[in-house]
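First up is the structure itself, then whatever we jot down about it.
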Amino acid sequence: MLMACYSAGQLGCLVFCNEAEYSYGKCIGRGRCCCYDL
């Protein structure tokens, strides 16, 4: 499984991760997202 964490800014995590072509995303607080590719 690939994982990358980003500062997503105003985008929601799911939108941000989907646009980055990951399978799904999870917020980890303070506007940061971890995106996962299953």
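The chain as shown is numbered from 1 upward.
Glycine too: its Cβ is placed from the backbone N, Cα and C atoms.
In this structure, C27 (disulfide bond) is part of a beta strand by DSSP. Here the Cβ of C27 (disulfide bond) has 14 other Cβ atoms within 10 Å, regardless of which shown protein chain they belong to. Per Swiss-Prot, disulfide bond is recorded for C5-C27 (among others).
Taken from Swiss-Prot, the feature disulfide bond applies to C13-C33 (among others), supported by similarity to another entry. Every protein chain shown contributes to the tally, and the Cβ of C13 (disulfide bond) ends up with 20 other Cβ atoms within 10 Å. In three-state terms derived from DSSP, C13 (disulfide bond) belongs to a helical segment.
Cβ environment of C17 (disulfide bond): S23, Y24, G25, C33, C35, Y36 lie under 8 Å away, each six or more residues apart in the same chain. Sequence annotations record features per position, and here Swiss-Prot assigns disulfide bond to C17-C34 (among others).
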Three-class DSSP secondary structure - C5 (disulfide bond): strand
Other C-beta atoms that fall within 10 angstroms of the C-beta of C33 (disulfide bond): 24
Residue pair C5 (disulfide bond), C13 (disulfide bond) - Cα distance, angstrom, rounded: 10
